[in-house]
């Protein structure tokens, strides 16, 4: 993988970059739609690509449990299995183990958990196994296993989790063994504490990661803390490597964080909100079930160029949503993804013109 | 609307035809996917068209209740509302009133019923109103209000329902007033009774309908009765008008009934089965959740050229179906519609070659 810093804005920390992978190049800043189980929810891969998605994220934890990394490897890897030939980033499963699995038990070696399926079969993720799983999936960008502290945890606990995470990341990188096909990112943890973020960033800068993620945000903390931690941490990261803010987010989050020098974002929000009848609009989130849309023959957003806005009215989509028609979800998913893609494209254009 | 009988098979009653409407021409025999609420379930209009669908059916009863024919008229008609520029056939709502609505009360004038929505508001369908509703929808082919007797009804009841239906059809046709934009079909009723079917067909032949439907089949009767009634009734209909077997059906039903001289079919089955993880295969229906598909990297059907079969494996679609991913429904809907489209295309080719 090769990252080129195309332009740094003269007005802020905002950057325009180019990330080249074996599955194609990605212009940054970029928003990555999430395909948790090997499918961006409610869309065919063609529909996802048509919205301008350059890379998607998929979840190691979910794919490990169902259908299993062995099966995906036998299918020829995740790209072939899901019919997506652009880049894929896989997370490490750390966040999901700690938020979704049952009976997590952390040891120095890794984390034991019980599957929510299969009658609670016991599994264990180690830093090395998580690398092996992602190698089986064949993603373009891999992430190391980390411990995700709750944002409400005491500082001592966050510090303890961080040190274990740093040890795991070093082990994972050694196990990974650099190669020309897959790239490996580090994850900066440390919760809401600037000194811990600094300790984390300094340690990881000493290791040869292809990019750096900021984890442990967008986990329920106040928005002001998200911005503070993202800005503080981004400034600690090497300028010649891509920076990825995990699990973020909403249009305003992207607008706010790009000037901090963030290059990559992912979130389940555009797809999840669509399944809850909610779409992005210039003034914020709107729910299509609102009565005011009942006889409104305008599109979801007048200025939007997405397929849904070009061909369908609010009245139609509301009718479908009321009747729980799947097409309502499809159309709002298309709109929400396109909205974030257009937003990042617009931000990139402004960066290149030193407008932000 | 213009119907041209292109070729009649030398070996059976099977016919190849061309049905020309203001929204385009339809090669028959044809299968019409159903878009009950103004959307073929789980597909964008483009995906429906890509499967080779030439015309869809939509339901007057459902659209009358939600979102209302007035709203659709204000939107510019159903084609524009749902972004579908090929032909649309709308049914009369008769079947749905009798099978779905509450507290139906039939009078000489029409049928009163209570909506299952809106706290049970009282509505009344008359033959004239149902024409007006379909005119508001702007469908290419309209159907008259009919009384749908249960297939278990006594013959006297079926005869009584038939005579009321014939009266309603005559009233509807008079109210319709022939025009160049919309076409009006008659519906032959009479249950499983050949003398009633004959009475019905003879009466309707005397009226100037653009085509003739066979109703009151595919309502739970034994398959042998479906075939007997379809064959008997088709032979009573004018050869220069299209013949439409309502609510049919499965691949084997189409194969069986095309040689009787049926030109048009519709059924919710391909879309409904897909939502129940079931797909058409040469040996019959298959359920993708069957364990045998778990590690099967072959497509749903080896010989199928649909988008789902070209790009995805059974293992992948089963994985999606297990996880209740919407994409599983999308892919199986695509396959099932394409399967029936390919079947009718193949039947047409065989008719033109006098092979069936």
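Easy rule for this one: first residue shown is 1, then count along the chain.
Yeah, the Cβs are placed from backbone N, Cα and C, and that goes for glycine too.
Note: TrEMBL annotation is automatic and uncurated.
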Per TrEMBL, member of B:319, B:335 binding Zn(2+) alongside B:304, B:306, B:309: B:335
Of B:247-253, B:254-260, B:261-267, B:282-288, which span is tagged region 'RNA binding' by TrEMBL? B:247-253
Quick check: of B:178, B:182, B:189, B:198, which does TrEMBL put in the same substrate site as B:91, B:92, B:93, B:94, B:95, B:146, B:216? B:189
Going by DSSP assignments with H, G and I as helix and E and B as strand, what are the residue counts for the region 'RNA binding' (B:271-275)? 5 helix, 0 strand, 0 coil
The binding-site residues listed are B:306, B:309, B:335; by CA-CA distance, the one closest to residue B:91 (substrate binding site) is B:335
Give the mean pLDDT for the region 'RNA binding' (B:271-275) on the 0 to 100 scale. 98
For the substrate binding site, please report the maximum Cα-Cα distance among B:91, B:92, B:93, B:94, B:95, B:146, B:189, B:216 in Å. 15
Here's one to test understanding: among the binding-site residues B:304, B:306, B:335, whose C-alpha is closest in space to the C-alpha of residue B:146 (substrate binding site)? B:335
State the Cα to Cα distance, in Å, between residue B:304 (Zn(2+) binding site) and residue B:92 (substrate binding site), rounded to an integer. 34
Would you list the DSSP helix, strand and coil counts for the residues of the region 'RNA binding' (B:247-253)? 3 helix, 0 strand, 4 coil
Taking the centre of the Cβ atoms of B:304, B:306, B:309, B:335 as the Zn(2+) site, the remaining residues of that chain with Cβ inside 8 Å are B:299, B:300, B:301, B:305, B:307, B:308, B:310, B:334, B:338, B:339
Within the chain of residue B:94 (substrate binding site), which residues six or more apart in sequence place their C-beta under 8 angstroms from its C-beta? B:111, B:125, B:130, B:143, B:145, B:146, B:147, B:148, B:187, B:215
